[in-house]
Amino acid sequence: MSKSESPKEPEQLRKLFIGGLSFETTDESLRSHFEQWGTLTDCVVMRDPNTKRSRGFGFVTYATVEEVDAAMNARPHKVDGRVVEPKRAVSREDSQRPGAHLTVKKIFVGGIKEDTEEHHLRDYFEQYGKIEVIEIMTDRGSGKKRGFAFVTFDDHDSVDKIVIQKYHTVNGHNCEVRKALSKQEMASASSSQRGRSGSGNFGGGRGGGFGGNDNFGRGGNFSGRGGFGGSRGGGGYGGSGDGYNGFGNDGSNFGGGGSYNDFGNYNNQSSNFGPMKGGNFGGRSSGPYGGGGQYFAKPRNQGGYGGSSSSSSYGSGRRF
């Protein structure tokens, strides 16, 4: 594809992670299947750099987001006789967040203003899929809105599409959106991340493949209830009115402790809004999948998946 024909939409939004591949699946057979829904600008089955054995997952990149949507709407997919699981690819930066790879149907929406009603949330988020439930959280005692809400969809892909797009405006105001995790999911994801010491469930270390020794679909990484549980300290929402603490103890935007107080204000936390650090979407010159991070492949000329993250084109620093 020439530069003049390069897609205008960020590559990150046009890419699908394909898990659960047969070890017999090749780049060609993967391409043959997924090009039914659009033009593929890249397609790769990830392999061990030494043995060349498939790691059981790959990536396909479409020319447009519309084609990605078409492919996701055509689920389930079967490649070489095996049902595979396509998911919207998570950037290396976002993959550092606990629960980034969990499959959930509920989102947390923070920073919403007091005059925001259910219809404002519905009007905005229904473009991403069918909404089942909208909950605007209020203080049990005073009934005052607490500045955050939960939206539950009928399909996890709606959530995945929302969270990779970063910036959302509801009722004229920017808001923060995250996957809503149960207390158990948050604790499990946090402990799992600490235990891995950076090698990552989706690669990271040179020896790591997807799921660290082909754990795809077994460790609960792609399952899990929606819902929300609160911080490891037992905070949560409701109870004694201690605010939304679910993301507090991991150094996220939502602060340490009670990120949102009962008036729905940020507690001296800076926002993510503004220019993205480090050029999160990178460029084609850095290879089809940017740096050596989780859920992403290294440029092919650097051999394989995982390994060093020093060449990453997906920014730096954790925001969760």
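Just so it is clear, glycine is given a Cβ too, placed from its N, Cα and C backbone atoms.
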Legend entry - Annotated omega-N-methylarginine residue, as Swiss-Prot has it, among R47, R55, R122, R300: R300
Legend entry - Per Swiss-Prot, the candidate from R82, R88, R178, R232 carrying the annotation omega-N-methylarginine: R232
Inset, instruction - Out of R92, R140, R218, report back the residue that Swiss-Prot marks as omega-N-methylarginine. - result: R218
Legend entry - Swiss-Prot annotation, asymmetric dimethylarginine - which of R14, R31, R225: R225
Legend entry - Per-residue pLDDT averaged over the domain 'RRM 2' (105-184), given as an integer: 96
